[in-house]
Amino acid sequence: MSHFIKQLPQTFKVLWSSNLFKALLLIILMLLTIRIVNFCFDYFKKKNNLHTNFLKGVLQALIIIFFLIQIGSLSDAMASFYNSILMSSSLLVVVLGFVFQEGLSNIVHGFILTFFKPFDIGDRVNVTIDGVQITGYIQSINLRNTIIRNVYNNSSVIVPNAKMDLCVIDNSYFDENSVNSNFLDIEITYESDLDHACEVFSQIIDSHPLVKAAKKPQTEPTKILVSQLGASGITLRASVVTATIEENFTACSDIRKELIHHFHEDPALDFAYPHTVVVPYTSES
C-alpha cells in the first residue's frame, strides 16, 4: 500500500504529460462551465424574464469554441493548422463572411433585439413577415430565430431574427402601465328607451371586475355613443377597457351575457333584429 502511495506523484506526472488526459480534463471542464452558466441563467430568469435564451446560447457557443480550440492545440498538427489559419486570417474572414452571411446576420439582429428589447418572453405581438400576418406570444429567442406561438392554432412559428428585427412589431404588452381597449356594439330597437339603454349599458360595463381593476380611481362612467342608425335599430358603441387583451375578451363576453339577461327582464329595452311579418293571402284581402 505504501509503495502504491509513493508511486502516485509519478503516476500523475505521467498522466499530465499525456495529451489524451489533458483533452479529457478540458472536456470535463467545458461541461462543468456550461452547467454553471445554465444554472446562473436559470436562477436569473426566475427573477427577471429577459432574453436569457439568446444570451445563454451565445455564451455556450463561445465556451464550446474556446475549449475546442484548446483541445485542438494539444496536437502538433492542429497547432500548425491554427498557425496557418492565423497567417491567412483576412482571407478566412472573407470566406466565412460569405458562407455564413445569413447566419451571422441573424446573430447580429438577435443582439439588436436583445439589447433594445422591442418585446419580451411571453409578450403578445402582431407582426407581418413576408406578407403573412402573425399574431401570437413570444416563446423564446436564440442565436438564429425567434419562436412565436400562434394564438389561432397554437403552432410554433419560427421567424429568423433578421426578419423579426426589420418588421413592424405591434406589442400589446410593451408598456406595463398601458391598458387594452376594445369596442363593444349592441343594437336596440327604435321603440326602446334610448337614454335608459345607454345608462344600463354603461353601468354593466363599469361594474365588471376586470374593467374596475383596469380603470383608475375617480374616472368618469363609460361613455356610450350612438354609432349608427340602421334599418332595424340603433347601434350603441362603448369602449371596454381592461389590463390585457385576454381579459378584454372575457369582459366583453360577460358584458354581453349580462345585457341579454337585463334586456329580457326590462320591458323598456329590446334588442333589434330583423323581423319577417307574414300576412296570409285571402280572396277578400
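Glycine residues also receive a Cβ, built from the backbone N, Cα and C atoms like all the rest.
All TrEMBL annotations are machine predictions without curation.
Residues or ranges marked as transmembrane segment by TrEMBL: 20-41 (among others). Sequence-distant neighbours of the transmembrane segment (20-41) (same chain, 6+ residues past either end, Cβ-Cβ under 8 Å): 52, 55-56, 59-60, 63-64, 67, 70-71, 74.
According to TrEMBL, the transmembrane segment annotation covers 53-75 (among others).
The transmembrane segment annotation in TrEMBL covers 81-100 (among others).
For the domain 'Mechanosensitive ion channel MscS' (104-163), the mean pLDDT of the prediction comes to 88. The annotation domain 'Mechanosensitive ion channel MscS' is assigned in TrEMBL to 104-163.
Taken from TrEMBL, the feature domain 'Mechanosensitive ion channel MscS C-terminal' applies to 185-265.
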Across the domain 'Mechanosensitive ion channel MscS C-terminal' (185-265), DSSP labelling yields 40 helix, 18 strand, 23 coil
